[in-house]
């Protein structure tokens with residue numbers, strides 16, 4: 001496997017191997033005074049973030065450094081992009097500089113696929129990892145969500161996962177639907193009709209507009225942020241009405257099964273899609289997701305750049 005561009009790129013075996021190795025990396029780092037493994041020593045990883053990010057950017061950087069890679073961060077404002085350089089020329093420059101992996105977040109859907117095509121050479125070119133492209137996909141987020149569900153519930157297969165909120169603009173939802181289906185989960189989308197994409201009836205999901213009917217049946221609930229920055233208005237009457245209909249309040253949380261887990265990809269709009277008390281409750285796995293993000297991204301880098309399970313943990 002050369003690139004990770006969409007969650008659909010992952011077979012069940014690939015996804016399971018990445019989740020298993022994420023757990024192995026986590027266990028290998030427990031108790032270490034210096035959190036360093038030699039797995040990617042001598043490799044160069046370049047992150048290219050053209051949209052704001054905290055969790056994804058930091059976790060990729062930490063993942064690379066914990067594996068002893070050289071990690072270089074490139075942003076639009078601090079590079080020749082600010083002078084008008086195209087993404088293609090930037091990509092070719094970074095390939096020529098010797099990058100082993102390019103990790104890209106970009107507002108344009110399909111940018112990672114273009115990057116992979118542009119940087120292909122007689123040696124194969126660098127591996128490209130999609131860290132979020134427009135409203136299209138965010139495959140490593142889906143992997144860390146699946147890992148969190150597996151850790152909390154024992155497995156993903158057969159679990160009922162309810163995804164709530166702004167599905168229309170959510171790359172997280174698209175990647176989660178694909179990966180959770182691959183891993184054998186049942187996926188339910190809950191959203192107002194205006195926040196569901198055209199063609200959603202063709203997805204391997206059940207669609208509902210009634211959150212209260214779905215929560216008691218859920219093993220996991222993934223709350224999505226309303227992405228106002230991608231909207232022109234008119235998708236729902238008001239923030240208050242949205243919260244009343246689709247927010248995970250403390251009262252709604254009480255209808256969840258005791259074993260159910262609450263997830264959120266962040267950043268959270270506390271008080272809108274999720275109540276303060278719910279976000280901080282024992283059922284919430286938000287911080288566990290962040291921690292898992294580092295280990296999953298270590299496993300993804302390993303899977304693409306090394307590939308041999310026997311060498312995953314050394315020294």
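Just so you know, glycine gets a Cβ as well, placed from its N, Cα and C.
Quick look at what Swiss-Prot lists:
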- 55, 56, 105, 138, 141, 266, 267: carbamoyl phosphate binding site (BINDING)
- 83, 171, 225: L-aspartate binding site (BINDING)
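Residue 141 (carbamoyl phosphate binding site) sits 14 Å from residue 225 (L-aspartate binding site), counting Cα to Cα. With a cut-off of 8 Å between CB atoms and residues at least 6 apart in sequence, the same chain places 54, 225 near residue 267 (carbamoyl phosphate binding site), listed in sequence order.
Within the group of binding-site residues (171, 225), the Cβ with the highest number of other Cβ atoms inside 10 Å belongs to 171. Remark: of the binding-site residues 55, 105, 138, the most isolated position is 55 (fewest other Cβ atoms within 10 Å of its Cβ). In this entry, carbamoyl phosphate is bound by 55, 56, 105, 138, 141, 266, 267, whose most widely separated C-alpha atoms sit 16 angstrom apart. Look at residue 138 (carbamoyl phosphate binding site): DSSP puts it in coil. Using the Cβ center of 55, 56, 105, 138, 141, 266, 267 for carbamoyl phosphate, the list of other same-chain residues with Cβ within 8 Å runs, in sequence order, 53, 54, 131, 132, 172, 265. Here residue 266 (carbamoyl phosphate binding site) comes close to 54, 55, 225, 286, 289, 290: these same-chain residues lie at least six apart in sequence, with C-beta atoms under 8 angstroms from its C-beta. Distance between Cα atoms for residue 138 (carbamoyl phosphate binding site) and residue 171 (L-aspartate binding site): 6 Å, as a whole number.
Cα of residue 56 (carbamoyl phosphate binding site) to Cα of residue 171 (L-aspartate binding site): a distance of 13 Å. Residue 171 (L-aspartate binding site) and residue 105 (carbamoyl phosphate binding site) are 12 Å apart (CA-CA, integer value). In the three-state DSSP classification, residue 55 (carbamoyl phosphate binding site) falls within a helix.
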